[in-house]
């Protein structure tokens, strides 16, 4: 808890930046500070509405963590406005922190915050812990901003830079821990004042965690492991052993093996006389051009030099066709030539036949090695072999050339407008053969078009012929065209069409084949074949249209068909994560699994629980429903689903996973599953071995083992005593343990033995060890209660009552330190001028063997200084009548000196109660008593703080 607020402030600074102007301050106030302040007021309202007592020694009476965060964010941003650069934040934060520590160490600020006797009368003093710690939090905020700016100053780091960054982080972390040790020795560590030691402690924790995170995530995973994974995954992807890459010099003549050099070996650096200026690669060849005009031709398979070509100009760009038989070359003057790469003929340059000037872009067709598109100024030429077609006016950059269509992009227009706004910047251009085929099919006929395609064969042209023939129902011509373009689905369509006698249905099948589904549906409906139209829409998963067609059919549609359509529509919306619509259609289709899934994603868990009753026993959906309920923590409902399915073991496992040990033990006893108790014991032992005592206590409490939980709470109280924790905290722990012990007694009550009436008989029924444990817990709680009560009475000047309460503390010397008891008794009796009692207290202190000799001597000197001026006799002695023998007994004695009757102590005033039992007030929770007059000042029991009814 002490580190929580400090780490929150430091994290807030790590994700913030220095304020540079007043607009940043306004933005900070509205977006960050205001929500936190609102949350602070909401917390105050809820605390007062629930009557929750806030510990005033953390932030004060009204302050809380939200106010601290909000004020720190605003004033920290305001202070950062003073710094001109991020580096100035460090001296600013250090100056603020040292000033704050100076005020704490040499001023009265530390005493004002830490001393309890300063009254909380004004707003400042009522919230002094939260207000006076703010300068320290301001320093944390400024230091974290400065650190984050240094950390992210360079985001792209080389390996050596990353090592240097890690070294610096490690030095900063170690320095922070050394400074923290020095500050702890000099000024201590205090979260309440947020002093120098606390600020350095928070910085040390954060810097250490950031160093570990950078080392593990950025260095180990990203830098080291990623390189290893990449190098191994590329080879394992193809199932072959990893091979090292090779490198070759442009002036070597590799044959595939002997002249290759290992890439990882640092060989002799050779000077390059003729540097590379262009490169092109295909599936078979690699062409590398040098500035002198030499073109090396390598085979890709084994990187061997196949040939060298020479031209007398510097090459700008090379492009290879799809079958690696030709290459188009553009030199630095814009002259394009074709280079023949066919192995069957002697390599030569065809300068005389193909040579174009002012060329700036070329692209070979991906499916035809003879087709080449090139840009010459603002005209596009398409070559078929060595013969060009008519130019097309175009200024776009060639993107792709495939299927007799060229896609070009108007990059100049895109750059001028800044973005690709619409498809008008993409141009689709068709070659002449494709345009001619369209004209022949549209205006001449199938035979002439077929003859033209046979002269200029291409799969795209045959597909056009097949489509045109199908629409004219020329099945023979269409089948021939499908065979020529190797379109197997088209051949199957022809076979299916020959089995259909109706031409309307044939046209509908053709329309569906070419994606004209609305036209196909219209043809089916015209042919009075609504069933085929429904089958078409089902194939397309267009279930909305299926429902529409069902409704058009009238009464011929079954409920099962409609439910199937509704269910598929529900699946459609579920895939789109539109769970509201999915739920609607699942309910229409009575599809319970889909409805459960929709309700789960809509987080409508109350309605989801109703399906436990709707589902039949042994339904497989009960298991799925139970898993959903477990995932959201609805244990009881999940158990009900598991039990209805007939799986009590799964129900117990659900309770164990959700830490509902009480219900798990109950189910285990009902279904005779003793392994749950074993699991509970093992888990509790594991928590104790790990030092997680509070979690073990909560585990035993939820499992219904209240007395075991009470024993663990006593261990926790003993640990707090060793830590010298505040007495109020120790008392609260013992009270909580005692209340758990009372819950144990309540669980043992029977109709014959009522807890409210027969509590003592219940104590007699249990074992002596358990009964002694319960009494011991209440005994410890009483001791710390009376110690606090005596100190409170002494502080408020009720001296005689403080003496009486201190005398009662002598019965608790097995719980409280004896020195503390008699020191308090001596102080109270001296203030009350009961010097006889004071003398007896000093005699006891001087005789304590556990005290060092120096301390005993100091007590002796103090006693001499007191009793040299005062006689050892009590000046104020009041008596009360014994309720048993009516003898007069001093009011500070816990029992009657005549009859030996013992007087119980009043938990409100500490005085002995000498009245009969019928005239005193007894708490129904802790069963301790108080004087009726005293208890009227309280709304809760002074010991256990349970609500009480006011006595009139």
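Including glycine, each Cβ sits where the backbone N, Cα and C put it.
Unlike curated entries, TrEMBL annotations are predicted automatically.
For the transmembrane segment (28-46), the residues of the chain that approach it from at least six positions outside its boundaries are 19, 52, 62-64, 66-67, 69-71, 73-74, 77, judged by C-beta separation under 8 angstroms. What TrEMBL records for 28-46 (among others) is transmembrane segment.
The transmembrane segment annotation in TrEMBL covers 66-83 (among others). Counting same-chain residues at least six beyond the ends of the transmembrane segment (66-83), those with a Cβ under 8 angstroms from any Cβ of the stretch are 5, 8-9, 12-13, 16, 18-22, 24-25, 28-29, 32-37, 39-40, 43, 59, 89, 92, 96, 130, 133-134, 137-138, 140-142, 145.
The transmembrane segment annotation in TrEMBL covers 90-110 (among others).
Among the features that TrEMBL reports, transmembrane segment is placed at 130-148 (among others). Within its own chain, the transmembrane segment (130-148) has Cβ neighbours under 8 Å at 5-6, 9-18, 58-60, 63-64, 67-68, 71-73, 75-76, 79-80, 86-87, 89-90, 92-94, 96-97, 99-100, 109, 112-113, 124, 191-196, 198-199, 202-203, 206-207, counting only residues six or more beyond its boundaries.
Remote same-chain partners of the transmembrane segment (169-187), defined as residues 6 or more beyond its termini with a Cβ less than 8 Å from a stretch Cβ, comprise 101, 104-105, 195-197, 200-201, 203-204, 207-208, 210-211, 214. The transmembrane segment feature in TrEMBL is assigned to 169-187 (among others).
The transmembrane segment feature in TrEMBL is assigned to 199-221 (among others).
According to TrEMBL, the feature domain 'IFT121 second beta-propeller' maps to 235-429.
Feature annotation from TrEMBL assigns domain 'IFT80/172/WDR35 TPR' to 461-549.
Remark: secondary structure over the domain 'IFT121-like TPR repeats' (775-874) totals 76 helix, 2 strand, 22 coil, with classes taken from DSSP. Feature annotation from TrEMBL assigns domain 'IFT121-like TPR repeats' to 775-874.
Outside the domain 'IFT121-like zinc finger' (904-948) by six or more residues, the chain places 735, 738-739, 742, 756, 759, 778, 781-782, 785-786, 789-790, 793, 801, 804-805, 808, 880-883, 889, 891-894 with a CB less than 8 A from a CB of the stretch. Sequence annotations record features per position, and here TrEMBL assigns domain 'IFT121-like zinc finger' to 904-948.
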Which numbers of helix, strand and coil residues does DSSP report for the domain 'IFT80/172/WDR35 TPR' (461-549)? 69 helix, 0 strand, 20 coil
Helix, strand and coil totals (DSSP H, G, I; E, B; other) for the domain 'IFT121-like zinc finger' (904-948): 7 helix, 8 strand, 30 coil
